[in-house]
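Features of the protein shown, as given by TrEMBL:
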type     : residues                                                    : note
BINDING  : 8-13, Asp33, Arg38, 86-90, 127-128, Glu161, 272-275, Arg342 : NAD(+) binding site
ACT_SITE : Cys272                                                      : active site, nucleophile
DOMAIN   : 328-452                                                     : domain 'UDP-glucose/GDP-mannose dehydrogenase C-terminal'
Amino acid sequence: MVKICCIGAGYVGGPTMAVIALKCPAIEVAVVDISAPRIAAWNSDQLPIYEPGLDEIVKQCRGKNLFFSTAVEKHVSEADIIFVSVNTPTKTQGLGAGKAADLTYWESAARMIADVSKSNKIVVEKSTVPVKTAEAIEKILTHNSKGIKYQILSNPEFLAEGTAIEDLFSPDRVLIGGRETPDGQKATQALKEVYAHWVPEDRIITTNLWSAELSKLAANAFLAQRISSVNAMSALCEATGANISEVAHAVGKDTRIGPKFLNASVGFGGSCFQKDILNLVYICECNGLTEVANYWKQVIKVNDYQKNRFVNRVVSSMFNTVSGKKIAILGFAFKKDTGDTRETPAIDVCRGLLGDKAQLSIYDLQVTEDQIRRDLSMKKFDWDHPIHLQPMSLAAVKEVSVVWDAYEATKGAHGICILTEWDEFKTLDYKKIFDNMQKPAFLFDGRNVVDVEKLREIGFIVYSIGKPLDAWLKDMPAMA
Ligand SMILES: NC(=O)C1=CN([C@@H]2O[C@H](COP(=O)(O)OP(=O)(O)OC[C@H]3O[C@@H](n4cnc5c(N)ncnc54)[C@H](O)[C@@H]3O)[C@@H](O)[C@H]2O)C=CC1
Ligand SMILES: O=C(O)[C@H]1O[C@H](OP(=O)(O)OP(=O)(O)OC[C@H]2O[C@@H](n3ccc(=O)[nH]c3=O)[C@H](O)[C@@H]2O)[C@H](O)[C@@H](O)[C@@H]1O
């Protein structure tokens, strides 16, 4: 029986391995992690991450050919194929701080593999890493090899949170990069056979190692660039009376451009887009490619601009001050259908409003109060590190309350900010909400989920990203 071990039981390791176990009953899959609470959660009824469809798969396979364990060394030493799916956040200190990928977790996993292995291994980079990382990993492994042969493959993951299971079941492509030697090709073939259990062969792409590593960074950069492009246009729409939904629809009808991923928003979030672009920028700079680095930096600058612009719009619309005013924050996760808050635009928006002395009442369907308080009191980039490795002291943010109901959050509020596109926010009883708010009642939709006209009829002053402005807002232009 082929044995797979995955180091890192996170948003990628957990769902990816669960799907391999489901689709390949003859393969034994062990997912290991240094975090005992995380592994305990994977072995319980309350999984550590919220992902539609995941519970059922884990229940079906757990204890049969899918195991979650803290016995990292045991499972690594027994495995034929080792996936490394540890976090690769942005460095917060030292050389390259604020840009370069922090490979501490990766390096320690590689050293451990070298220490405990007693047989030949295929080591698969599942984490997103800087291009040429495989070379460094090879050096760590072979330097301590004791005669054991290692083949390194790059097999980046393209799933998106909230749709991870769908994406894994039916991926646009699976990418495998390997050495162009007979041993490298054999390893590539072995991994290909795992995916071939359910992925059509023409969707499994094989390349050299560096192309695979770079393709992952490039894909995320292109995706994020699309959002910054539509968000940049949203600002121009507001200035001119054009409607971003109509513009995006018209632009996306061009088959060369396509309709997906053109939703204007308060800004993109998530643990990867920003960190991967910063990483790309750093690699370009290290290679002397200043213009290329500056080109990609702009994607992040526009994203920051979009978040600032939103905060400024809120404050300027409300007579240029939100001091002491209750603002309801609907949604804190970085997108719907996940409880993940890493790099969520809600952090920056909330901090901006708190900076202007607002009182925030936050409601999200999946994010816990503890997580929200952590996020609001942590330094930038620290929130990308696993929770058990984060600083523990939570500075109390007394201007923030966290509630479990949208009606409670909005009661007595001066304004509402919608920061995550949860479906629930489309169908709230806005008349009831309006009646219980201070007047004038403002609603700032950072995700374009509400029916603007209907809300204006109720009496709200509505701002919706990239949509023609309310007469009220026209008179109070936001300074970016
Ligand atoms: N979150 C996502 O949707 C996607 C993430 N990625 C990439 O996948 C990688 C992992 O991301 P996530 O799963 O989101 O991270 P995560 O933080 O949820 O999970 C990483 C896990 O690795 C564990 N870990 C760290 N060092 C370890 C070690 N030495 N031994 C054993 N366990 C260790 C941590 O305890 C943590 O549970 C990152 O490189 C990310 O860029 C790629 C595609 C999608
Ligand atoms: O490397 C990764 O981590 C993953 O990053 C993204 O996945 P994810 O961040 O989970 O979610 P997305 O759906 O890409 O959304 C990212 C952010 O962009 C925002 N977004 C997305 C689409 C859009 O049209 N507009 C928009 O503002 C979302 O609200 C969210 O804040 C990519 O889509 C995945 O392919 C990739 O594997």
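Backbone N, Cα and C atoms are what each Cβ position is placed from, and that goes for glycine too.
Features recorded in TrEMBL, as mapped to the structure shown.
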| residue | record | CB count, 10 Å |
| --- | --- | --- |
| Gly8 | NAD(+) binding site | 28 |
| Tyr11 | NAD(+) binding site | 23 |
| Asp33 | NAD(+) binding site | 25 |
| Asn87 | NAD(+) binding site | 23 |
| Thr90 | NAD(+) binding site | 24 |
| Glu161 | NAD(+) binding site | 24 |
| Cys272 | active site, nucleophile | 26 |
| Gln274 | NAD(+) binding site | 24 |
Field: Helix-strand-coil residue split for the domain 'UDP-glucose/GDP-mannose dehydrogenase C-terminal' (328-452), DSSP-based
entry: 42 helix, 19 strand, 64 coil
Query: Under a threshold of 6 Å between Cβ and any atom of ligand 1, which of the recorded positions Gly8, Asp33, Thr90, Glu161, Cys272, Gln274 are retained?
result: Gly8, Asp33, Glu161, Cys272
Query: Looking only at DSSP and grouping its letters into three states, which state does Gln274 (NAD(+) binding site) belong to?
result: helix
Task: Please check each of the recorded positions Tyr11, Asn87, Glu161, Cys272 and report the ones with a CB atom less than 6 Å from an atom of ligand 2, ordered along the sequence.
output: Glu161, Cys272
- request: Looking only at C-alpha atoms, tell me how far Asp33 (NAD(+) binding site) is from the residue listed as 'active site, nucleophile', rounded to the nearest Å.
  value: 20
Query: Going by C-alpha positions, which of the binding-site residues (Gly8, Tyr11, Thr90) is nearest Cys272 (active site, nucleophile)?
result: Thr90
Task: May I ask you to report the DSSP-based helix, strand or coil state of Asp33 (NAD(+) binding site)?
output: coil
Query: Which of the three DSSP-derived classes (helix, strand, coil) applies to Gly8 (NAD(+) binding site)?
result: coil
- request: Report the mean pLDDT of the predicted model across the domain 'UDP-glucose/GDP-mannose dehydrogenase C-terminal' (328-452), rounded to a whole number.
  value: 91
